[in-house]
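S.K.: My questions all concern the structure below.
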């Protein structure tokens, strides 16, 4: 006792508050000083003291102790205000969705962090003895972030995919959560409800699989005698000291360790903490340790390779079941691992950037040539510098120099005045290799309906030439011009045509939609109705617009009397039919009318050699399905024109084959497509008669052989008509199948030989387990003639002006050789199409002509309406008068890369309205119809300019120009009208922007007044009528001459004074205006839109919605296409850093152990295994390459796997000793696959054998066995063990037992599980003794054979010669695995 007192007197007396960490330090010093027993005695006293004090002060925790932080209210308010401003920016198109998401997450993250920092000072000031504060601060219970959730705010959560939800949980648990917040936190939080429920079962199953793999591994021997080891070194900085200590303690050295000449530790010595400290002090390098990987045994492990037992700190005892311990050590913490870690979603790229702040107030100066403008990741404008930049701040009396490193963002402008502590630059944090980034796609969906436009040139994505995916080269806006879509499935019945104005009285077709029957080739079925203007009732012409999805109507255009004009389905047509028969002929014949279809591409541009018109000859039309064959005659299968159809993202080639043949064959067959659920009443390969019932509702039309095929949820049933022929032995025909036999050959051995009659098609059919027979099918032969001369159909004067355009006739077969053709819903199938191909003669003058543009022109004169086809030659480098720099012009880049400005894909129409029409159009306009394609390539009408999506700004100034004009017109009528209204006296076409050609009658009243007078006749006699082309040129199509008047400049400007800024705004037609731009004196303009009409006193603006897109974004959809709400508009690809992985935790461990390749695994190990293997084999050749390659590959992949699994556990704060993981990894990497390269006599190629067994066999037979390393998952490894009883008790019991019985496998009952199943004694612990067999002589044998080993000398040389090569391999392949490298001493020992 006195001794104790004396020692106590020498102790230092501490008088201070201790928290958890100080307590830890105290305990460790006590243990070092006094040992274990004494320390526990002291701690006991401390505990009693603590309880006494707690009882005295009576700490309790009630709900009133949870005090919220007073500053929370205004902090949250401030964050909400910032979010609101951000939302406004997003709405007006200044930032896009990704930038908005990033910024809002940073705003809320900062708010939440600030609240958390406020928490402690607040408690200290208001209530220092608050139990919550005492507990969390002293480390007794809870930490800062938990308390923060109780009294601060819960903050941001991640969704099930690990993405951040940008809706933060503002309440804390004291205030209670709203329903939305509760649901978000169920998913996002670390121990969320959803998370825990799933996790328990997953972890249990993982444990079971792990134990299954390693249950037979028991410590059986003291030493296996291996000389190999794995090197661990601290020197290269990749490994923290902490991990280094954890790795070494409890291991056994594989080699002596020297410090200079002095040996500080010997081989087979186990490492304690003292030795580790010496290693750290002396920086001994490298240290070779023994691990389960290096143990030479196959199905057990030795004491020295395992090391110390974690329970009592001595070497592990013999007979200990270390395998099961390892499996459980890894599986059990799985319940603590989350399925996803809770972190801030990795939204901050490369960590939060550092800020550079201004040292004092002053004016900032820098060299502007060194910076270029850019956007920060929040969408703010900034400058980025590529090299070091010196920034000077001039304050009153002193100059400050600030150096800004390269790649930083400068947030201020030159000569700007900055205040002290203002952020002037943002330094990008150096991206470390550990935080690897991942690319994330974010889709932006449109939230309104309308038409799509963009303001910049857009590149077509090269892999989708015909698709609708475009890439943006620079930052720009996408606009959706608002409109109300109207379903127009029966377009031709609707009275309205594109660009018509709807009056209040006008009516549209009631909605009668025909559902689009989806057919096998994804064609869209349209039904069109044509009105017959000659008193007959309507007839129906169903048509598949298959090739270009272009609508066709068989309408006749005689001169239509004015009264019927409105009935004509006025619509933009892309195909046009020139009648071939007069109406009298058509009434006499019952044949369906066939006309020439003129096919105009969607953009109205013909390339050379493209098809202008085609004629479907009724002789080549079939009603039934079948197969086309060209027979034995050669055909030139050049796909002259390949139509690539992209329909809902599916690419499909439709080649047309140019025929060089004079006949082809069609083999008819009957085909029924039935839904998968229907019951079929006939068997496959059976023979039926005519009108047999084959399904509940279907009867056969012909008799013959039935073939049934089941494809993707539907059943195809084909009936082949023809004769069945059972061949004899000597029959030649029987050897052929699928051949055409010309007439006159006849059939041998057949009585009914049809000589010289027809061609026949022979098909050989082998039903199951029956004798095969031959089916002889009839063939329809088609001769191909030249068809109609199409060129004559065009009036000669049409081609006079273009003598260098020639048309030639080509026949195309629409279906390839042997392609099955299906009839769909009783439509006829056209087999041959006669096409008129446009061919420009390339003479010197017109050598630059590459394409012609065509459009249909509908001209109305005095109430009559006729249609013409107009062909214009276009010179190839398209040069229009449009100014390239004009921001309001829209450009479009076509596939050939030339920049076509303002090509309107819809042909314009211009009408000269007679009196009655113009009067009618004076009624209140309700809107304008605009017909476009939507994404499914169907026609669709939009109502634009209705009161809902169009508004008028103005008046700008108070002068009424109307009166002035009226007076001047009365004096001298024709001239002012010409000056004001354009040559036609009606309207200026306001469509300089691209798919609009809008007719707006402007000052209509004046027109009417003076059209009634006769003095305008002269004007209109000179100008017969005008056509207005898409580009805005006005053509004077006088019949005698072909003069082009000066192009009408539509891009006219309107100058008016803007009183907001005192400067004038120039407004042009078609210009897009964002929100809050000043265009009038009465304040800023409130909505965004596009200028449609500019009048003297007002503008009409069509509502539009901007979406910002940055470079590299992908735009979906074509220009001018109709979008519905919810369609994908843009896809952004942005980088975000991830801390480790987002799918962390259990799923990640399982992926690694099951060796599944998932994107989130940074390196797909299986591929790397093959890669290393090939690389080494190439270097060293066979067989050395194989042996060394397999060996190295296995070592490398083992180290990589261990590191991966450890990384996941460490990231979650779970400590597992490496050797547990090593035991499991050893089992899943211990098999090799015998390869075919060096054929050995022992194993079959493709056989899975143990690595050690392969090596021993190679030594015994003194020949090289070639094999490669494979990675098995834990499930596979448990099904590939030496014991079939253990396998059968795990999975697939019947299969395993059956296979074992067939192979005659023997189970030696070495593992635990087999013995448990059979009720024997398990070979561990006390039951271990019976199994130990004295195998000393075995060891001696192996030592003697050393000298005879054929590999020894050469192997050593090769290994040491290539040592550097291997080392470099390692350092390249692993970023974090060089903590353990590989020592290649003596492969002969293995």
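Placed from the backbone N, Cα and C atoms, the Cβ positions cover glycine too.
Relevant sequence annotations retrieved from Swiss-Prot are reproduced here:
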BINDING   224, 295, 302, 305  Zn(2+) binding site
S.K.: Taking the center of the Cβ atoms of 224, 295, 302, 305 at the recorded Zn(2+) site, which other residues in this chain have a Cβ no more than 8 Å from that point?
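M.R.: Residues close to the Zn(2+) site, other than 224, 295, 302, 305: 221, 223, 226, 290, 292, 294, 296, 297, 301, 303, 304, 306.
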S.K.: What does DSSP call residue 295 (Zn(2+) binding site) in the simple three-state scheme?
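M.R.: Coil, per DSSP.
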S.K.: Helix, strand or coil for residue 302 (Zn(2+) binding site)? Use DSSP.
M.R.: strand
S.K.: For residue 302 (Zn(2+) binding site), just count the other CB atoms lying within 10 A of its CB, please.
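M.R.: The answer is 22 other Cβ atoms.
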S.K.: What is the total of other Cβ atoms whose distance to the Cβ of residue 224 (Zn(2+) binding site) is within 10 Å?
M.R.: 19
S.K.: Using all protein chains in view, find how many other C-beta atoms are within 10 Å of the C-beta of residue 305 (Zn(2+) binding site).
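M.R.: There are 29 such Cβ atoms around residue 305 (Zn(2+) binding site).
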S.K.: Can you see whether DSSP assigns residue 224 (Zn(2+) binding site) to helix, strand or coil?
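M.R.: DSSP call for residue 224 (Zn(2+) binding site): coil, neither helix nor strand.
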S.K.: Can you tell me how many other Cβ atoms are located within 10 Å of the Cβ belonging to residue 295 (Zn(2+) binding site)?
M.R.: 25
